[in-house]
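**Q** Pasting a structure below so you can have a look.
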Amino acid sequence: MAKAFVFSLCLLLVFNGCLAARQSQLSPQNQCQLNQLQAREPDNRIQAEAGQIETWNFNQEDFQCAGVAASRITIQRNGLHLPSYSNAPQLIYIVQGRGVLGAVFSGCPETFEESQQSSQQGRQQEQEQERQQQQQGEQGRQQGQQEQQQERQGRQQGRQQQEEGRQQEQQQGQQGRPQQQQQFRQFDRHQKTRRIREGDVVAIPAGVAYWSYNDGDQELVAVNLFHVSSDHNQLDQNPRKFYLAGNPENEFNQQGQSQPRQQGEQGRPGQHQQPFGRPRQQEQQGSGNNVFSGFNTQLLAQALNVNEETARNLQGQNDNRNQIIRVRGNLDFVQPPRGRQEREHEERQQEQLQQERQQQGGQLMANGLEETFCSLRLKENIGNPERADIFSPRAGRISTLNSHNLPILRFLRLSAERGFFYRNGIYSPHWNVNAHSVVYVIRGNARVQVVNENGDAILDQEVQQGQLFIVPQNHGVIQQAGNQGFEYFAFKTEENAFINTLAGRTSFLRALPDEVLANAYQISREQARQLKYNRQETIALSSSQQRRAVV
């Protein structure tokens, strides 16, 4: 009996200890006693060879409350953002530019394969370029040796003989090694790549490696949200990026341990700005900082069946480049050609799919076979004005993205919203019922107010382009576009986030009886009816100034 009691007591202590540890891990998102919010620009910047990465301090109270972290990535033309994965699900919005993104799902086949014809054409082009270079060099030498004609002719004859000898050797080698080439010649094969452009939303699950490349004619800019409080993150609440190439720097700079920023400098980018690369003395034994760097070089070479020099290249030894590198020439990989007709066909398919979902009342008729793991659809474009879910010709438009539009969001438990408001347009006062909202200002400006449960305005600020602010769950918020209009993108921490409005045709006030309004607000019944029916719009509201201008 005594042994059973001791065992029960020990089990109870272990259970309480685990529960306390779990509560301490989740304490940041449970302690949302926010007295002040602020729209901020990034706090930290890493300068790379072909771009930059900026991050917001995730240790701020509002980020801790929402359980998120955020970064902004700028990739210059012909820049390659090296492969990496994160401990948390990511939602990426393409603010500007176009490019290519590749996501690697372990165990899935390489469905993009180079044909033998294209491979031969590539080799022929390389050989043709070499011959042209040789001809140009030969012409230069001939022009410089015009006075020594006899000696030049002798050298030409010698070169012709050497060229014939080389050609004979090549022909003999090609005739003697056809089977060897067939055995060891490997054409390029890789997993699917995806074209990305402005307005795209890309979902990346935790632990899935991805890379991106800017092949456009302007900078490629993307904003990333890391949902660090997700159940998919079994580590702590700190965002972590695991790079598989290069010599990367810590993007979030271990901001919980970083030096405090001086007052008056909050929100100013470049506080921790550093030149691209990393001093060798900060590294152990001259190794890099990617995942391969920590392995023993000999053991890594044996595992990959390569020589140690190749293994050291994977480890980033003697490589000063960090997260974003510049590609020499053009990045050549297998991708299907895209003409105007193909793009239009893809857009029509997306519109048809959207109409089918609307006809089904927003219901996703899933049978478990509509998408396989290896063919998951990772992106959706919500930048097209024709895709708007809410539109007012005098106020603006709003587009939403959730698990009905992009099924992978059900797995990640994230959703998104993009809005464009005209000058003085108002986003109806509302509260987020089941999610936090992380808002990034794409263009323009707006006045934003956020109110807590005590009726205090914990945010009352004019937000500007490039800033980010957080609206906690259930907190009231109102936004009015400024003179430049207001364009934003909002990350939502729930797969099907929705709001309750305080003004408009579908608002909380419209749903109450007249007598309840009259008694609650000490107004007459006539005033109660005016309060309910004076606003016929739903969410995108025109201002009184706009209505007077129209009249």
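From the backbone N, Cα and C atoms, a Cβ is placed for every residue, glycine too.
Feature table excerpt (Swiss-Prot):
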type	residues	note
SIGNAL	1-20	signal peptide
DISULFID	Cys32-Cys65	disulfide bond
DOMAIN	37-312	domain 'Cupin type-1 1'
REGION	111-194	region 'Disordered'
COMPBIAS	114-124	compositional bias 'Low complexity'
REGION	118-132	region 'IgE-binding'
COMPBIAS	132-148	compositional bias 'Low complexity'
REGION	145-159	region 'IgE-binding'
REGION	161-175	region 'IgE-binding'
COMPBIAS	168-185	compositional bias 'Low complexity'
REGION	225-239	region 'IgE-binding'
REGION	238-293	region 'Disordered'
COMPBIAS	254-275	compositional bias 'Low complexity'
REGION	281-295	region 'IgE-binding'
COMPBIAS	282-293	compositional bias 'Polar residues'
REGION	311-361	region 'Disordered'
COMPBIAS	311-323	compositional bias 'Polar residues'
COMPBIAS	339-350	compositional bias 'Basic and acidic residues'
COMPBIAS	351-361	compositional bias 'Low complexity'
MOTIF	367-372	motif 'NGXEET'
DOMAIN	380-529	domain 'Cupin type-1 2'
REGION	510-524	region 'IgE-binding'
**Q** Averaged across the domain 'Cupin type-1 2' (380-529), what pLDDT does the model get? Just tell me the whole number, please.
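**A** Mean model confidence (pLDDT) across the domain 'Cupin type-1 2' (380-529) is 96.
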**Q** In the same chain, which residue numbers or ranges, 6 or more beyond the ends of the region 'IgE-binding' (225-239), come under 8 angstroms Cβ to Cβ?
**A** 25-26, 28-29, 58, 64, 66-71, 86-92, 205-207, 251-252, 254, 256, 412-414, 438, 491, 493
**Q** Can you count helix, strand and coil residues in the domain 'Cupin type-1 2' (380-529) using DSSP?
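**A** Going by DSSP assignments, the domain 'Cupin type-1 2' (380-529) contains 24 helix, 71 strand, 55 coil.
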**Q** Please work out the number of neighbouring Cβ atoms within 10 Å of the Cβ of Cys32 (disulfide bond), leaving out its own Cβ.
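**A** Looking across every protein chain shown, the total is 18.
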